[in-house]
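Notes follow the structure.
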Amino acid sequence: MSVDAPSAPSREQVDSGDPAQALRTGRIDGLDGVRALAIIAVLIFHLRPLSLPGGYLGVDVFFVISGFLITTLLVRELRGNRRIDLRRFWTRRARRLLPALVVVVFATVSLAVFAGGDLLVNIGRQVTGALTFSNNWLEIGAGSSYFNATSPQLFVNFWSLAVEEQFYLFWPLLFTVIMAITRTGRQRVGVLLALAAASALAMAVLYTPGQDATRVYYGTDTHAFGLMIGAALAVSAAGQSWNLLATRFWRRGRVFIALAALAGLIALMLWMDPSRPVAYRGGILAASLLTAAIVGALPGPTTVLTAVFSLRPLAWIGERSYGIYLWHWPVILLIAAFAPPVGMDTPGHWVQRGLAVLATLVIAAVCYRWIENPIRELGFREASRRALDAIGAPGRLTGPRLGVAASLACVSLFTAALATAPDRSQVEIALADAAAIVEDTGAVASEGVGDDEATAQGESATDGTDEAAPEAPATEAPPAAAEEPAAPPEALGEQISGFGDSMLYVAAPGLSADLPGIGIDAQSNRQWPDVLAAIQAAVAAGSVREHVVIAAGTNAGVRDPDLVRAALDLLGPDRSVVLVNIYGSSSWVPESNQNLADVAAEYPNVAVADWNAAATAHPEQLQPDLIHPNMDGMYLFSDVVQAALATLTA
């Protein structure tokens, strides 16, 4: 199957010019180094988001590179053959992508059988998405969250592979249409940039601050602009009468432009975590444009930039970046599942992360040497024939034969995993178990009547949330782990109202057991604006009690301390308020906890419950998502809350 070009390509359509050496040789010095930068950023982000909050932008670097290289291949094929051989194109993509992907899926699912826990939750959907290049849309359809997952997903990183694979599938057809309806390189670049702008605009318009961003982040339609920018760069490099990379301005300034772009990209990676609205309203687009400037500066005479990006260690990592990307996340999860629980940033945590990096590099290198390269160079049939010949050779009792035995074992375990996989995570089960308790305590809370004077003060404070809070002496921090809190007064639970997100929801059984009668208003996936709205409604209804516990920030942190101040002003100075800080690996956790501590220091009736310290000291009391408390952790959470409340009621 092939698609003919609308006419023979003109010199402007196909002539590469000196800067576009990729169109002549297929090789760009330094490009593997850019790939290395991208995969290193992704690794750091997944290992410790706090160290590189914007490391997820490495995926967008890959998108730009893929758009550039694939379009370059298509332009070169049009130049040489005057048509695009679709069967050959798709076969080459399959030979490049499928072998490693299939091995990762079968091997990691088989190992996950022994790990237990939540690794196999909804694994059937994950496997289907991985093998059919539809991971992103299946997860969107299932309502999954990339940012607030209730269970560890083995193939959560495959969403970007799905976007790229869908691009490989449809782009040759669309590119041929674009070639047919345009006449000049300038027009073609304009069309591609218009497509990029439409995709970026869709991301910005569909994104809603304060809501989960998975739909706009995963969507092929809303996240295709990096691919289109890369394609526009390739078409621009192919022109002669209009070739941006061949202009005197670009040739003279490309190194400085690329270095500035590199500095800008690194700055975004250091600052722009995925909870910031700016990421979806131009931030990711900016990272893609900066990447295009870097890639566009690589073709042509060797510069300091190409020399650095061509360093052997970077080139080695870049060549294996596909395998590293495939393996790293499943390896991280499997090591965490088999190893004892560890607190964030403890020595054990760093040992696990170090082992994950080492294992990923070794496995990716082996896969590259023995699976990816042979099939890419020889094809499926020839590589299979040679493997079968090796298996049948006299005296070959190891190596290939062990590989076959391992493959058969993997298939058996894989089948068992699909047949026995749970459909709910432990967090989802805990949420369901807590539902009745939250409903009952919420009903009790709504029937109660809050202190009239405090309510009146809270209502009067509603109109003054823009004013600065009065200065007050700082409250003393409660004990870190609070294993044995001070005994609470009689019937203290009936005097407490709780507001929060899934953290408070999951902990409801422990709180209700220790503090009978406590009123809990909590919902999963709440963010601070939602909690503030719930407090406003409760204050208006007069149902807020003498003591208040607020546990929120699990889903997007506490980026705006004024929201906390607004809640405290609504509640008034006559109520004791406990703010529960947060625990997790997200980059915004330290900033959020500092914001909570700073705001609490402004109010004499407010204390912070240090859940972060308690969870760090007792990681064995967390769910597999390493965020929510398990059965024992519910009571630890209650202890921490009671300890903070005791400092206010003593």
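Here the Cβ of each residue, glycine as well, is placed from N, Cα and C on the backbone.
Remember, it's a predicted structure, so these values are computed and weren't measured experimentally.
Annotation comment: TrEMBL describes 470-491 as compositional bias 'Low complexity'.
Residues or ranges marked as domain 'Acyltransferase 3' by TrEMBL: 29-368.
According to TrEMBL, the region 'Disordered' annotation covers 1-21 (among others).
Feature annotation from TrEMBL assigns region 'Disordered' to 444-493 (among others).
Proximity of distant same-chain residues to the transmembrane segment (56-76), defined by a Cβ-Cβ separation under 8 Å and at least 6 residues beyond the stretch ends, is recorded for 9, 13-14, 20, 22-23, 26, 31, 34-35, 37-42, 45, 84, 89, 160, 163-164, 167-168, 171-172, 175, 223, 226-231, 233-235, 237-238, 265, 268-269, 272, 274, 284, 287-288, 291-292, 295, 321, 325. Summarising the annotation, TrEMBL assigns transmembrane segment to 56-76 (among others).
Taken from TrEMBL, the feature transmembrane segment covers 97-117 (among others).
Sequence annotations record features per position, and here TrEMBL assigns transmembrane segment to 166-182 (among others).
Marked as transmembrane segment by TrEMBL: 189-210 (among others). Sequence-remote contacts of a segment are chain residues at least 6 beyond its ends whose Cβ falls under 8 Å from one of its Cβ atoms, and for the transmembrane segment (189-210) they are 178, 181-182, 216, 219, 221-226, 228-229, 231-232, 235-236, 242, 277, 280-282, 284-285, 288, 527, 529-530, 556.
Residues or ranges marked as transmembrane segment by TrEMBL: 222-243 (among others).
The feature transmembrane segment is assigned by TrEMBL to 255-272 (among others).
Annotated transmembrane segment per TrEMBL: 284-311 (among others), in sequence order.
Per TrEMBL, the feature transmembrane segment maps to 323-344 (among others). Residues of the same chain lying 6 or more positions beyond the ends of the transmembrane segment (323-344) and with a Cβ under 8 Å from any Cβ of it are 39, 42-43, 46-47, 62, 100-101, 104, 108, 111-112, 114-117, 119, 152, 154-157, 161, 317, 352-353, 355-357, 359-361, 363-365, 367-368, 372, 583-585, 615-620, 622, 624, 626.
Per TrEMBL, transmembrane segment is recorded for 350-371 (among others). Same-chain residues lying 6 or more positions outside the transmembrane segment (350-371) and placing a CB less than 8 Å from one of its CB atoms are 43, 47-48, 99-100, 103, 319-320, 323-324, 326-328, 331-332, 335-336, 339, 342.
If one looks beyond the transmembrane segment (284-311) by at least 6 residues along the same chain, the residues whose Cβ comes under 8 Å of a Cβ in the stretch are 18-22, 28-34, 36-37, 54, 57, 60-61, 63-65, 68, 196, 200, 203, 223, 225-226, 229-230, 232-233, 237, 244-245, 250-251, 254-255, 257-262, 264-265, 268-269, 272.
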